[in-house]
Amino acid sequence: MGPKDSAKCLHRGPQPSHWAAGDGPTQERCGPRSLGSPVLGLDTCRAWDHVDGQILGQLRPLTEEEEEEGAGATLSRGPAFPGMGSEELRLASFYDWPLTAEVPPELLAAAGFFHTGHQDKVRCFFCYGGLQSWKRGDDPWTEHAKWFPSCQFLLRSKGRDFVHSVQETHSQLLGSWDPWEEPEDAAPVAPSVPASGYPELPTPRREVQSESAQEPGGVSPAEAQRAWWVLEPPGARDVEAQLRRLQEERTCKVCLDRAVSIVFVPCGHLVCAECAPGLQLCPICRAPVRSRVRTFLS
C-alpha cells in the first residue's frame, strides 16, 4: 500500500501493520469472521488449508493437459487419500457432521468429499482439496468444479463440459468484480486458531503456476486470486518434517509400533490389524465400532 509495512487485502480492506517474524498473510487475514464471507458473490475463504499454508486449489480454467487427462476412462494419477476411496466410508466419516450444517452428507460423499472432524470442513479423497462454510443451496459438485477443476475424480464423474460450465460462470462473476472496492465490514480480523483433538491428515504440497497476465489498467481478479495461493517451494526441512509427520500419522495409536491398516466404521479412524480385533470402542474418539474395513495406504 505504501507506508511502512501496511498491507491491503483485496477483499477485506486494510490489514494491520507491524508484521512480526513468522506472521503469514493467510493467518492474519482468514480469521473466524472471514470464513464464507461473500464479497460480491465471491467466497474468499471457502477453500481452506492448514495453518502451515499448504496450497489446496485455485480458481482457474482447465489446461489442455488437464482436459486430456479428464477425457480418459481411467485415472492416470492415484488418489491423495485412498483410504477414503469408498463412498460408503466417506459417508461414514460424517457421523459427527454438525446438526446446523446446510448440506446433506450424502451429497458431499457422492462428490468425493469426506469429513475431517473439524466443524463443516471436508476434503476430496482424490485431489485433497478442502472446502468449508457450506450454505443452504450449495451444490458439492459445483463447488468442487469451482475450486479444484483439475481433479481427475471430478472430471471422470461429471465430465469436462460440466467443469467448463462452472468455470465460465464464475469467471463472469470475477470479471464484474472491482478488486479495489472495500466491503463495509472491512475491519481487521483475529488470526484463526485450528481446532484440536482430531488427527491431522497427510497434506500434499502443491506449487501453483501463474497462467494469465495482468489486465491493462489494473490487477485482474485472476491475478488477485493467485496472489493468495502462491507459495514458495518447500525447503529440505519442510520436506523432512512432512515425511516424519506422515510416518507418525500412519503408526497405530494403540501399540505405537505397527502401521495402520484397519479403518473403523463409522468414525473412520485407523489402527493396525493386530490391535483392531480387541477394540469395541475407537481408542481415539471413543465412538462404538460397528464394523472394520481393511485399507491399503500407498
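In case you wondered, yes, glycine gets a Cβ from its N, Cα and C as well.
As written in Swiss-Prot, here are the features:
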REGION    1-32  region 'Disordered'
REPEAT    90-155  repeat 'BIR'
BINDING   Cys124, Cys127, His144, Cys151  Zn(2+) binding site
REGION    176-221  region 'Disordered'
COMPBIAS  186-196  compositional bias 'Low complexity'
ZN_FING   252-286  zinc finger
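Shown on the structure are the features that Swiss-Prot records.
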residue: Cys124; record: Zn(2+) binding site; CB count, 10 Å: 28
residue: Cys127; record: Zn(2+) binding site; CB count, 10 Å: 25
residue: His144; record: Zn(2+) binding site; CB count, 10 Å: 28
residue: Cys151; record: Zn(2+) binding site; CB count, 10 Å: 26
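In the three-state DSSP reading, Cys127 (Zn(2+) binding site) counts as coil. Averaged over the zinc finger (252-286), the predicted model reaches a pLDDT of 89.
The residues of the zinc finger (252-286), classed with DSSP into helix (H, G, I), strand (E, B) and coil, number 3 helix, 8 strand, 24 coil.
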